[in-house]
Each structure stands twice: as structure tokens, then as C-alpha cells.
Amino acid sequence: MFLFLIFLVAVLPVNTEGGEIVWGTESKPHSRPYMASLMFYYGNSYRHYCGGFLVAKDIVMTAAHCNESNIKVILGAHNIKKRENTQVFSVVKAKPHENYDSHSLFNDIMLLKLERKAQLNGVVKTIALPRSQDWVKPGQVCTVAGWGRLANCTLSNTLQEVNLEVQKGQKCQGMSEDYNDSIQLCVGNPSEGKATGKGDSGGPFVCDGVAQGIVSRRLCTGTLPRVFTRISTFIPWIQKTMKLLQQP
């Protein structure tokens, strides 16, 4: 299905990460075929407001704070202002974590059931999830991708990506009481200045081809590191919830 996508910035709460890749680069077109653009209807058009990623043919994972009504999911996009051979879906069920806390953003994870199964091809693919015992270690460098603002605050129509270093949990704990290393990741080296920002929420933090984190929040405006949801902790919940979503 062809879709002409017009990107407009959505307004999100201050502490959430909603499409900004700072000091990153443009992704090779369709090199991250698991990426999803989440759009919701605002005014008289659909607007990109969060990222997500395909974990099964009809299931997209994202952040719980990205929950909106009338979500459209776009798969197979690179330039969201050009006509591309994308697949467009309505969401029939949204399942945020039942213990999601909108203040601390603890348990900031959600699964979306699509209206039909995606057709997997060269530009639309699923991404692997970690095992429950897999923990990303401080010093490891992984990648986040998203659509939106660049370092100069201009809007990008193309998918951007940036490599970010995992930090020790103490660094985030020292900046905020609302950090729990068992369910969250502390990401981004302050000395490098690379970051995620508005519009990237819900996108995957990918380490060696595995989605290890979900872009969640920043500790305070303009600061590093960022806080991501640690996916491996939620594997039992993910497995249980995917089974529930597959039921008629």
C-alpha cells in the first residue's frame, strides 16, 4: 500500500522522549526494517508521534506513554514525506503494562495488536528479543533509530540513527530517584552529547541485532544520560501478553 506521509511534530509531556536524534546520521534506507512509525489523528491529519518495532507479524512493541486512541502504524518507511511502498495498519488492541506509572515511567512498555499480519519482505521484518537473563552491560555501545528533529532543531524526513553507550545505573540513580536498574537502562555518555529526544519514544535500543531497550525518558531537560526500558526483565510479561493478544 502506498502512503504519502507528512511528518508533523506532536506535543508530548516534558519528561518523555517523543523524535530527535542528536549528532546521529541518516540510516541506510530500509536497513532497519523492524522500525515502525506510530501516528495519531490530530487536527485534520495523522502525525508521527512515537516509534515502535515489529516483534511478530501482527505485534508492535513501543512505550506505554505512547498510548493514544486511533493509532496508525506504518511499516517499511524511510522518508516519511515521500511515496514509498509502506504497509499501513490500524491498531485493534493496545496493551500497556498494567503497572505502568506515568510519573516515574516505570514499566514503560506496551504491545499493539495490528488489524492483520504484516507481509514480511526486504523492508518489513521482525526483530529478535533478548532472553530474560540477558543483561546489557555498562560500556556496551548500541543503536537507536527514529524520525524527527536533528541537532540544529530542523525536522528530518528520513530515519536517523545514533550509537549510544550504556552507563552504570548509579549515574542515573544519582540524578533521579525515579530510576530502577532492574527494569531500566541508563544510556548515553554525557561527554559525547549524542542523544534521543522528542519523537523517538517507543523505538528500540538495538544491541547486536537484538532489541534490548525501549526509548522512554530523559532525566531532565537537555541532560544525559537517558532512561530506557530494559526489555529482558519483561520477557515473561511479553510472552503472556502476546498470547492474550492472539486470542480472538
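Residue numbers in this text run from 1 along the chain shown.
Glycine is no exception: its Cβ is also placed from the backbone N, Cα and C atoms.
Database features, via Swiss-Prot:
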ACT_SITE  His65  active site, charge relay system
ACT_SITE  Asp108  active site, charge relay system
ACT_SITE  Ser201  active site, charge relay system
DISULFID  Cys50-Cys66  disulfide bond
DISULFID  Cys142-Cys207  disulfide bond
DISULFID  Cys172-Cys186  disulfide bond
CARBOHYD  Asn152  N-linked glycosylation site
CARBOHYD  Asn180  N-linked glycosylation site
SIGNAL    1-18  signal peptide
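Positions of the features from Swiss-Prot, shown on the structure.
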| residue | record | contacts (Cβ under 8 Å, 6+ apart) |
| --- | --- | --- |
| Cys66 | disulfide bond | Leu38, Tyr49, Cys50, Gly52, Met110, Ser201, Gly202 |
| Asp108 | active site, charge relay system | Ala63, Ala64, His65, His97, Tyr100, Ile214, Ser216, Arg217, Thr229 |
| Cys142 | disulfide bond | Val136, Asn163, Leu164, Val166, Val187, Phe205, Val206, Cys207, Asp208, Gln212, Gly213 |
| Asn180 | N-linked glycosylation site | Phe106 |
| Cys186 | disulfide bond | Val166, Gln167, Lys168, Gly169, Lys171, Cys172, Tyr179, Pro225, Arg226, Val227 |
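Annotation for the disulfide-bonded residues Cys50, Cys172: lowest Cβ count within 10 Å of the residue's own Cβ, Cys172. Of all Cβ atoms in the protein chains displayed, 25 besides its own lie within 10 Å of the Cβ of His65 (active site, charge relay system). The Cβ neighbour count for Cys207 (disulfide bond), using a 10 Å radius and every protein chain shown, is 18.
When other Cβ atoms within 10 Å of the Cβ of Ser201 (active site, charge relay system) are tallied across all protein chains shown, the result is 31.
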